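Novice: Following this message is one structure expressed as structure tokens.
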Amino acid sequence: MEEVFQNETIKQILLKYKTIWAIEHAQSVLGWDLEVNMPKEGITERSVAQGELSVLSQKLILDKKFVELVEKAEGKDLNDYERGIVRVLKRSIKIAKAFPPEFVREISEVRSKATMAWAEAKEKNDFKLFESHLDKIIELSRKAADYLGYDEHPYDALLDLYEEGLRTVDLEQVFAKLEKDLRPILERILEEGKFPREHPLEKEKYDIEAMKKINLEILRLFGYPLGIRGRLDVSPHPFTTGFGIRDVRITTRYEGFDFKRTLLAVVHEFGHALYELQQDERFMFSPIAGGVSLGIHESQSRFWENIIGRSREFAELVYPILKDNLPFISNYTPEDIYLYFNTVRPDFIRVEADEVTYNLHILLRYKLEKLMINEGLRASEVAELWNDEMERLLGIRPRTYSEGVLQDIHWAHATIGYFPTYTLGTLLAAQLRAYILKDIPDFYGKVQRGEFEPVKEWLREKVHRYGSVYPPKELLERSFGEGLNPKYFIEYLREKYLG
Ligand code: MG
């Protein structure tokens, strides 16, 4: 295969970058181990080790010679891959440079305290315990936006941290369409009753060992390279981590009932893993290895979870596996499994939301975040506003803070600006579906027969192989000739739920 990196300055950059890469590799292993294996009290030393390694890699990113090399490379005649290297590194340098060390230290302390306060507040259902921490986080996030700089809104600077190039104006259009179209769709689904609000399978208890077997069998069906380039483990919150292109691990959890939660989590995480596994291997050890953004990454996981995992054809495909391992399945048909995977109801908790209501949960958070950062909304006003918006969007009012404003950890982690990437991913997944149906008209037939190779090949060709070479918006334009467009998601919902 032809070498992708030819330019001498780029080669020098990559030589230096290898150490940064190695630190990141070690950080991924430490992070994975913390979630999957670590005894409780190990956290004290682990968090110090991780903090020190972060400082070290920041130092290397901001090393004068390294920065000079990146600047020098920028003026050269480069190919797309090399330009990708410069773009990604310039961005890392800009972010590392933006924050003074005392600010980094302060935000990290505030985050630790806020996370503890949030956990207690959630457990005791007492928003007051979290309020002053949230105020501090709003203040620091606003400050972070000023350090980073922005053209129009301070919130844009935070959005860009999670999704390169994403701005409030992009989201305004997207959420305006969702707000207008989703409510009537939801009302009609509930009225027609073809898709149940609840399903008896949600209550069925399962044997954890049997469920593990099912998850592994589904991963084998997808062709996930278990034991070769991947693993499935257990952690409190399911996640995917790529140590490199040839070691991409996923996790799930087992609640012991309502098996779709663990099963669809595995399908979701597989989508993330496949993105990392199917990159161009020539990017190994370089800064363009790895998915380009959270939104594009989530589009891959949602494609597998929603478009494939929640299809009738997938229910038919996995039915025999379920029946072989879970005795209660013989009381149900494949169609029951399909309906169970697709219950629709307005409910309080985002992570348990169906694909129809999910984006309304994000819309609510987006509105509040925008007000916090752009308009100076105070924490004391957030809880009430949360409940009012929930009532307006979903027609239900949380009875407790724990099932309302305190449900997510994101704000305690000071990651304001993160939530919208979930919506980007969900919408893009439906967009990918429209494109793949044009290229592979028998897509659903292939799902039903478990023929995933052509689907994976298509995803590799259109998205995965590029790693971070192109910024998210450019990647979409190049591969599909258009950027994010919410109409595909709305059409998908209408066809599936009302067609
Ligand atoms: Mg995800």
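Cβ atoms here come from the backbone N, Cα and C positions, even for glycine.
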Novice: With HIS268, HIS272 listed by TrEMBL as binding Zn(2+), identify the candidate in GLU255, GLU298, GLU313 belonging to that site.
Specialist: GLU298
Novice: Under a three-state reduction of DSSP output, how is HIS268 (Zn(2+) binding site) classified: helix, strand, or coil?
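Specialist: In the DSSP reduction, HIS268 (Zn(2+) binding site) maps to helix.
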Novice: Starting from the Zn(2+) site formed by HIS268, HIS272, GLU298, give every other residue of that chain whose CB sits within 8 Å of the mean position of their CB atoms, in sequence order.
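Specialist: Counting only non-site residues, the set is THR240, GLU269, GLY271, HIS297, GLN300, SER301, ARG302, TRP304, GLU305, GLY425.
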Novice: Taking the Cα atoms as reference points, how far is GLU269 (active site, proton donor/acceptor) from GLU298 (Zn(2+) binding site) in Å?
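Specialist: A Cα-Cα distance of 9 Å.
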